[in-house]
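Colleague: Relevant sequence annotations retrieved from Swiss-Prot are reproduced here:
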| type | residues | note |
| --- | --- | --- |
| BINDING | His68, His70, His238, Asp313 | Zn(2+) binding site |
| BINDING | His68, His70, His238, Asp313 | Fe(3+) binding site |
| BINDING | Arg77, Tyr140, His173, Gln241, Ser318 | 4-imidazolone-5-propanoate binding site |
| BINDING | Tyr140, Asn315, Gly317 | N-formimidoyl-L-glutamate binding site |
Amino acid sequence: MDWWINARIATLDPDAQHAYGLLESHALGVAHGKVEAIVPMSEWDGDASDNITDANGRLITPGLVDCHTHLVYGGDRAAEFEMRLQGVSYADIAKQGGGIISTVRATRAATEKELLQQSEKRLLALLREGVTTVEIKSGYGLDLESELKMLHVARRLGQRYPVNVRTTLLAAHALPPEYAGRSDDYISWICEEALPVAHEQKLADAVDVFCESIAFTPEQCRRVFEAAQKLGLPVKGHMEQLTLSGGSALAAEFNALSVDHVEYLDEASVQAIAASGTVATLLPGAFYFLRETQRPPMELLRKHKVPMALATDLNPGSCPLASMRLMMNMGCTFFGMTPEETLAGVTRHGAKALGMQDRIGHLAPGMAADFIVWDCQHPAQLSYEFGVTGPHQRVFHGEIHNV
């Protein structure tokens, strides 16, 4: 048995009666990659054969879960960022070949090796801040070869580094140039070719859509969801980011894992996702980077007890920010979340948004031994401070993996 002793443990146990599920002066026992026991130090009786690490009063939390990223992509859009700051409109940038299509071109042109090398830098930035589980979407290929290439890279990242990687097929992200004016045909291609092939090759753990006036209609997204459902794949969606599209209510019909962004959710939609057990994933980094003003309906989400996850939305266009700790601070400062809500959002609720709540996201006997020993004592510091208190140890499947 491996033990971490003299620790303050924020278990994030959903059944805990006290804030953060915080346990003072406890020991955490690990065996075979799972949590074996959590006991008060007054009851701990270590064996001479045990491997013991003294936390010296440090805080232990579950490993962080980034449940919404687009971290596999080619190129960057720094020049476009500069143009926007100089007053050039997004429409004009797009006319000059910028916007999402510029990332599609760069991603299509990159070899799998090049894409892996570019993407692993972004992944490592997340791991160094305490992430032990990450979701990675496709969506910058928009043709079969390139979408599969992105998903292959995501799988390889999970094999190469100490992190759980969940992959999501997001072919319904934007309309590729070759389908201009034929969005229904593109949706047919997703349903009849891209989705079945990705599923057959075991490259997709879930299916995502972008339901918005600038992307795809609820009717088109329904077709994708129905095709995913037939294959037994869970669904999720970029919903209500720019307008009230009805996408979240649609997602609730399919018991979606999550609806993400959700700045324009109305109460009827909140009630629908509450009834379906769907997580609302909040993405304050995109809100900040795009200088939006409409924040998610926090009081409605609380009123109807919708679990709120928090994620980076790491992507080249609207949030090139690889920091979960920054997202926690932004969740508090921009969206009015409490530090306890943000920590639950990047652990327990993030796990639920990936359908992994039975394995990760809180600390209890039988759960995966994915946790962080922090150089701080109180969990509120993780949202309060940024760039100050980092991981002292990063434990993945019961083994120390500092990266």
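From the backbone N, Cα and C atoms, a Cβ is placed for every residue, glycine too.
Since this is a predicted model, take the numbers as computed values, not measurements.
What's the neighbourhood like for each of these?
Modeller: All chains included, 27 other C-beta atoms sit within 10 angstroms of the C-beta of His70 (Zn(2+) binding site).
Reduced to three states, the DSSP call for His68 (Zn(2+) binding site) is coil. Within the same chain, the residues at least 6 positions away from His68 (Zn(2+) binding site) whose Cβ sits under 8 Å from its Cβ are Glu135, Lys137, Ser258, Asp260, Thr281, Leu283, Ala309, Ala311, Thr312, Asp313, Ala353, listed in sequence order.
For Tyr140 (4-imidazolone-5-propanoate binding site), other Cβ atoms within 10 Å of its Cβ number 31. Look at Tyr140 (4-imidazolone-5-propanoate binding site): DSSP puts it in coil.
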Colleague: Using the CB centroid of His68, His70, His238, Asp313 as the Zn(2+) site centre, which other residues of the same chain sit with their CB within 8 A?
Modeller: Thr69, Lys137, Asp260, His261, Leu283, Ala286, Ala311, Leu314, Asn315, Cys319
Colleague: Enter the number of other CB atoms within 10 angstroms of the CB of His238 (Zn(2+) binding site).
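Modeller: Looking across every protein chain shown, the total is 31.
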Colleague: Other than Tyr140, Asn315, Gly317 themselves, what residues in this chain have Cβ atoms within 8 Å of the centroid of the N-formimidoyl-L-glutamate site's Cβ atoms?
Modeller: His70, Tyr73, Arg77, Ile100, Thr103, Gly139, Pro316, Ser318
Colleague: Which ones, of the binding-site residues His70, His238, Gly317, have a Cα no more than 10 Å from the Cα of Tyr140 (4-imidazolone-5-propanoate binding site)?
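Modeller: Near Tyr140 (4-imidazolone-5-propanoate binding site) by Cα: His70.
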Colleague: Consider the binding-site residues His70, His238, Asn315, Gly317 and say which one has the Cα lying nearest the Cα of Arg77 (4-imidazolone-5-propanoate binding site).
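Modeller: In terms of Cα distance, Arg77 (4-imidazolone-5-propanoate binding site) lies closest to Gly317.
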Colleague: State the Cα to Cα distance, in Å, between Ser318 (4-imidazolone-5-propanoate binding site) and His70 (Zn(2+) binding site), rounded to an integer.
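Modeller: Distance between the two Cα atoms comes out at 11 Å.
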